[in-house]
Amino acid sequence: MARELRMLLLWGRRLRAPALAAACGGKPVLCPWRPPAQSWGPPRSLASSFHVGRPFSSQAAEDQAEAGPLHSVISSLEAVQGSATKHEFQAETKKLLDIVARSLYSEKEVFIRELISNASDALEKLRHKLVSEGQALPDMEIHLQTDADRGTITIQDTGVGMSREELVSNLGTIARSGSKAFLDALQNQAEAGSKIIGQFGVGFYSAFMVADRVEVYSRSVDAGSLGYRWLSDGSGVFEVAEASGVRTGTKIIIHLKADSREFASEARVRDVVTKYSNFVSFPLYLNGRRMNTLQAIWMMDPKDVGEGQHEEFYRYVAQAHDRPRYTLHYRTDAPLSIRSIFYVPDAKPSMFDVSRELGSSVSLYSRKVLIQTKATNILPTWLRFVRGVVDSEDIPLNLSRELLQESALIRKLQGVLQQRLIKFFTDQSKKDAEKYARFFEDYGLFVREGIVTTAEQEVKEDIAKLLRYESSALPAGQLTSLSDYASRMQAGTRNIYYLCAPNRHLAEHSPYYEAMKRKNTEVLFCYEQFDELTLLHLREFDKKKLISVETDIVVDHYKEEKFEDGAPAGDCLSEKETEDLMAWMRNALGSRITDVKVTLRLDTHPAMITVLEMGAARHFLRMRQLAKTQEERAQLLQPTLEINPRHVLIKKLSQLRDSEPDLAQLLVDQIYENAMITAGLIDDPRPMVGRLNQLLVKALERH
């Protein structure tokens with residue numbers, strides 16, 4: 001523990017690097033592991049020390065750092081033999097070199113990624129060739145070496161290599177880095193072709209962004225092949241000469257420009273390698289130290305990845321210290337090739353996490369080569385709380401591999417992943433309802449956002465399957481989904497009813513719910529601020545309209561006589577008394593109301609306000625902060641006050657309007673504002689305090 005703490009103190013500052021931008025440890029796939037020697041060089045990121053024997057472990061990292069000699073195949077034995085022949089780049093290639101040097105790549109550092117990808121291609125070609133011929137595989141490795149004194153960076157692979165003719169054609173002609181021709185030859189062998197990264201033939205030329213000149217030494221794996229040197233300063237001419245001491249494979253020496261000498265620094269190159277090429281299939285060494293020892297577990301069969309591996313990989317990609325609440329390891333080849341892992345953090349999201357400015361937390365790879373650390377087009381914005389990795393061979397990229405093209409394919413990929421995540425969360429809710437309820441409590445705001453911001457109704461309804469609410473038909477604390485509500489509906493019922501209130505107590509004692517109880521209709525109780533806006537945007541679910549009980553009271557056309565009034569005649573105002581009282585109230589309230597009506601839907605409440613589309617009006621007032629005065633609100637809302645002629649306050653008001661008109665005015669004003677507050681149409685009740693005090697004084701004067 002002390003050693004781990006020491007490592008954290010020493011290298012903890014490195015944890016601020018971007019997601020998926022730190023290296024890890026692991027075991028080579030195709031060659032024996034050569035442990036690196038002890039080194040007291042530049043600080044290493046904690047993630048870059050992870051070891052496959054104890055995955056992602058800082059202790060394993062320290063053990064690795066203390067063991068064994070360095071391993072490198074890079075030497076300086078090459079020597080040019082005889083004279084060189086000069087060649088001119090094709091016209092298209094000259095133009096490409098200029099584009100690459102000036103504007104193709106947004107970051108110079110990506111030349112390292114491109115050259116590593118090319119080296120991986122060369123090794124994959126060699127592997128395929130030897131396996132098809134039944135030969136044993138040699139050590140298949142990629143090595144990088146930095147030399148700050150000479151201002152160079154070297155990359156060497158032990159791959160298939162190139163002949164003289166291949167050097168001229170592959171490095172002197174656009175779109176012929178070798179991969180395209182190789183794929184043509186293997187067009188009927190999908191397994192081999194699918195692993196070739198370099199599709200565009202321009203990655204090699206990215207070296208000229210930082211190079212004064214580039215030397216390439218290469219020797220083909222074919223028997224009897226000689227070694228050659230290719231040399232160019234990118235000015236439009238290159239030369240090729242025979243060379244001795246060349247090892248099978250390809251070695252590229254980049255002589256850096258004065259303004260690019262940073263790439264002769266081991267620390268700088270390490271950061272770039274761990275950012276982009278941490279999961280290359282072949283062992284990758286920098287100055288003799290193994291770099292890419294972390295497995296790309298998203299490429300593995302899900303059943304072969306243990307819970308512990310997922311926990312450690314989650315901490316790596318999310319740069320977090322908790323455990324994943326949910327894990328989805330998703331692989332498919334239809335309709336698109338997708339290899340992905342998604343995690344939901346166990347920690348409750350902070351306000352920063354909720355912000356739409358945060359953006360995506362999913363990294364995009366193509367055949368284990370990083371394309372984007374925050375792939376904004378791969379998942380819709382509402383799923384930004386999901387951490388993980390997506391790897392797809394079908395994604396169209398521009399020449400620099402850095403920006404996704406807007407295309408139907410990208411939208412299709414986003415749709416596939418969104419649907420799969422929705423299905424996953426739906427399945428989890430059935431598997432463990434209590435765990436899902438905790439998830440929805442923490443992440444429900446994102447789900448609501450998804451419904452509000454999605455245009456397609458079908459997708460809205462898919463996302464709506466994740467919503468959870470309490471219900472009048474279920475005990476307090478028990479949640480239900482819209483699908484479950486629909487399954488309990490009686491035949492012929494077409495509406496799903498809901499009521500927005502701060503809590504269950506207020507919902508159950510709402511005059512609007514009281515009016516619905518007589519109909520014995522299930523009502524969903526929605527407690528969160530944005531529930532109302534969410535359901536207004538959703539509009540319907542499974543061909544059933546979503547109706548607020550407040551709206552239902554306004555649009556329902558059944559007659560009051562449908563309610564059986566069992567109250568004795570003396571307990572209710574007569575029809576004439578009611579008509580006279582309503583006329584007086586219209587005059588007393590003036591422009592604050594549009595009309596006064598009678599209702600027999602209420603039992604315990606004296607009155608309620610009805611407004612067409614109450615929820616939309618309430619949201620409009622809240623968001624726009626309009627209509628601050630009562631008259632302005634009334635003009636916008638056109639509210640109707642519905643009174644209960646059986647309530648003691650209404651009956652007493654009928655008496656006071658003649659005997660004590662001043663007290664009656666105070667009382668009707670208070671009844672009106674109480675109804676407005678209950679409807680959520682008045683946010684600040686403080687202005688009524690003076691009137692309440694007057695009513696209290698009037699009450700005490702009688703004692």
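If you go along the chain as it appears here, the first residue is 1 and each next one adds 1.
Just so it is clear, glycine is given a Cβ too, placed from its N, Cα and C backbone atoms.
Straight from Swiss-Prot, the features:
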- 1-56: transit peptide (TRANSIT)
- Asn118, Asp157, Asn170, Phe204, Arg401: ATP binding site (BINDING)
- Ser169: phosphoserine (MOD_RES)
- Thr173: phosphothreonine (MOD_RES)
- Thr493: phosphothreonine (MOD_RES)
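By a simple count of nearby Cβ atoms, those within 10 Å, the most crowded of the recorded positions Asn118, Ser169, Asn170 is Asn118. Put simply, Thr493 (phosphothreonine) is 70 Å from Asn170 (ATP binding site) when counted between their Cα atoms. By the criterion of other Cβ atoms within 10 Å of the residue's own Cβ, the least surrounded of the recorded positions Asp157, Phe204, Thr493 is Thr493. Between the C-alpha atoms of Ser169 (phosphoserine) and Phe204 (ATP binding site), the distance comes to 13 Å. Between the alpha carbons (Cα) of Asp157 (ATP binding site) and Thr493 (phosphothreonine) lies a span of roughly 70 Å. Under the DSSP three-state reduction, Phe204 (ATP binding site) is assigned to helix.
Between the CA atoms of Phe204 (ATP binding site) and Thr493 (phosphothreonine) there is a gap of 67 Å.
For the recorded site, the residue listed as 'phosphoserine', the DSSP three-state label reads helix.
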